[in-house]
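Quick notes on the structure that follows.
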Amino acid sequence: MSETSVTQRSGARLVEIEGAQMKTLGHLRLRDKDTNEVILVPTPSSDPKDPLNWPRWFKLYTAVAVCFAMILCNFLAAGPTLAILQTAQDFFPNWKETGMSGPIAKTAYFFNCTALFQGLGNLLWMPLINKYGRRPIYVTAFTIYTITAIWCAVAKEYANFLVARIVMGIAAGAGECLAPITIADIFFLHERGTITALYNASLNLGVASGAIVDGFIVKFHPWRYIYYVAIALIGFVTLIVYGTFPETAYIRNFAPTGIITTLTSSGQRVRRGVKSEEAGVAGASEVEVASHDATVESNPGWIQGLRLYHGKYTHESLWQMTIRPVGLLILPPVLWATLVMSVTIGFITAITSNVASAFSTAYGFEAWQSGLCFVAAIIGCAFGIVLGGHFSDWVADYFTRRNNGIREPEMRLPAIMVGAITGPLALALYGCGIKWQMHWIVPTIGIGLINFTITQATNVSLVYTIDSYRPIAGEIVVTQLAFKSAFGFLLGFYTNPWVEKHGYNVAYGEMAAICGGVLIFWIPFFFWGKKIRQITLSWSVMKWVRWDDDREVGE
């Protein structure tokens, strides 16, 4: 094999393989050529303060704690929709004279605006996260989130409550973009799919747990008790953030050429040198890159890293990082992954926006009974974690082995075929089940399957784009979350008119067709995604996307 040379040029690596030059990201050796052992990417430093060197138990604790925080971020976003009737009656006491359609439509703004600003708020948070680190934003956002929960609990006027819900959405949105970045900071490439699946599941579990808990609350107590319970839960998580969430951002000085760290079958790390011709295709773990001229000191260990501020982590301007998601949306892999997240999460928004009235009309269910149907969502998420996480990692590793240890981001994509089947099926079951008043288990299975699809398919597409553009993973996540929120905001308003005009079976059948049409695009990306990524690096739009060298993380 010819010598592999790697240089840095505007954040993209120029890799010369067998005489042919190609710009690429995410193209690296993940398995040792001789031993077939997993190569740790990024290469961990010898610094015990490096987050990649944290104890395994603390990494897992951090991942679980972050995901629990994510559950609570969505607990108040959509969960209280189960109490929309009681909320409308409270804010519009003359509802008996005016009817309920107007008050319910106005009350829906509480929840739709929260969902919208959860995504749009990320455009504010992500530049700050990249510039000043993760911990300051965790502390700030969850402090504001706790305050807004108290604010909502005591707000008596419509406008006051609406403003509180909007600010709540901005604060809660920080968790959505912080979680996947934190996971990418502390876990290696070969572990990322499984752990990120927990994050995607937590997005759904927040809505599902909110629906279940809130349904029981409004059965026995006034609707404001939803916020009293949330204050206790969110306050508890905020204390965890204050006391146990250290900074995970780390300025990494990459290993010299020919130095790799592998993971043996017994879990031992082995750091050794290899000849350049044996290294094959190198990731940053096998490439010498100049040390970053950073304005941040070496990251303290996880126990000592609880200081609020550690310095700046990039020289990029806040404005540059704010507008970058606009350019990213034009890149085909990012656009497709954004549509995957939008149609899957957007259509569960369509379901939750009228689930109470749908089950009430079709089956005579009360709010708490409709909420219990979301137990299926929890079951769906559990299976989605396995098939979206461990299974997708297994699929990617299978194709990596077949490719002589070389990993491409597209090797993960075949795992999404499961979600491409269950997504349309879920929407068809829900729509037809409600329309023809089949047994209540039919639409309930639909709820479970769509939540499975969100966890499974969204995880595959999200990790695919993070692997493809790892240095700007934060902006990648924000692009998808912001568009998803805008799409969900529109669906929140137009689902009921859509259903009223065409019926549940036709409306959700059309949603099923859209969902399947988007997900099936995994096939062309699997075969031609690498070439698409190479071609797009020369597009003029890349001037919006290019990043400074100090954003490189070793992939």
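Backbone N, Cα and C define each Cβ position, glycine as well.
Residues or ranges marked as domain 'Major facilitator superfamily (MFS) profile' by TrEMBL: 62-533.
Taken from TrEMBL, the feature transmembrane segment applies to 60-88 (among others).
The transmembrane segment feature in TrEMBL is assigned to 108-125 (among others).
Residues 69, 73, 76, 125, 128-129, 164-165, 167-168, 170-172, 174-175, 178, 224, 227-228, 230-231, 234-235, 237-238, 241-242, 245, 308 of the same chain sit 6 or more residues outside the transmembrane segment (137-156) yet have a Cβ under 8 Å from a Cβ within it. For 137-156 (among others), the entry in TrEMBL reads transmembrane segment.
Taken from TrEMBL, the feature transmembrane segment applies to 162-189 (among others).
The feature transmembrane segment is assigned by TrEMBL to 201-219 (among others). With a cut-off of 8 Å between Cβ atoms, the residues of this chain six or more beyond the transmembrane segment (201-219) that come close are 67-68, 70-83, 86, 176, 179, 225-226, 229, 345, 348, 352, 355, 366-372, 374-375, 377-378, 380-382, 384-385, 388, 451, 454-455, 458.
Nonlocal intrachain contacts for the transmembrane segment (225-245), taken as residues 6+ away from its ends with a CB within less than 8 angstroms of a stretch CB, comprise 61-62, 65-66, 68-69, 72, 75-76, 79-80, 83, 134-135, 138-139, 142-143, 145-146, 149-150, 152-153, 213-214, 217-218, 306. As annotated by TrEMBL, transmembrane segment applies to 225-245 (among others).
The annotation transmembrane segment is assigned in TrEMBL to 326-348 (among others). Residues 203-204, 207, 416, 419, 423, 427, 450-451, 453-454, 457-458, 461-462, 464-465, 468-469, 472, 475-476, 479-481, 483-484, 487-488, 491, 511, 514-515, 518-519, 521, 525, 529, 532-533, 536, 539, 541-545 of the same chain lie 6 or more positions beyond the ends of the transmembrane segment (326-348) yet place their CB under 8 Å from a CB of it.
Marked as transmembrane segment by TrEMBL: 368-392 (among others). Sequence-distant contacts of the transmembrane segment (368-392), counting only residues of its own chain at least 6 positions beyond either end whose CB sits under 8 Å from a CB of the stretch, comprise 82, 193-198, 200-201, 204-205, 207-209, 211-216, 218-219, 355-356, 359-360, 412, 415-416, 418-419, 440, 443-445, 447-460, 463.
The annotation transmembrane segment is assigned in TrEMBL to 413-434 (among others).
Summarising the annotation, TrEMBL assigns transmembrane segment to 440-464 (among others).
Look at TrEMBL and you will find 476-494 (among others) tagged as transmembrane segment.
Per TrEMBL, transmembrane segment is recorded for 506-528 (among others). Remote same-chain residues near the transmembrane segment (506-528) are listed as 332-333, 336, 339-340, 343-344, 347, 350, 410, 413-414, 416-417, 419-420, 423-428, 430-432, 453, 457, 460-461, 464, 495, 498-499 (criterion: CB distance under 8 Å, separation of at least six residues from the stretch ends).
Through the fold, the transmembrane segment (162-189) approaches residues 30, 40-42, 51-52, 54, 59, 62-63, 66-67, 69-70, 73-74, 76-77, 109-111, 113-122, 124-126, 129, 134, 137-138, 140-142, 144-145, 148-149, 151-152, 155, 195-196, 199, 202-203, 248-250, 407, 462, 466-467, 470, 473-474, 477-478, 481, 485, 553, 555 of its own chain, all at least 6 residues removed from its boundaries and within a Cβ separation under 8 Å. Most Cβ pairs under 8 A with the transmembrane segment (476-494) among the ranges 108-125, 413-434, 440-464 are made by 108-125.
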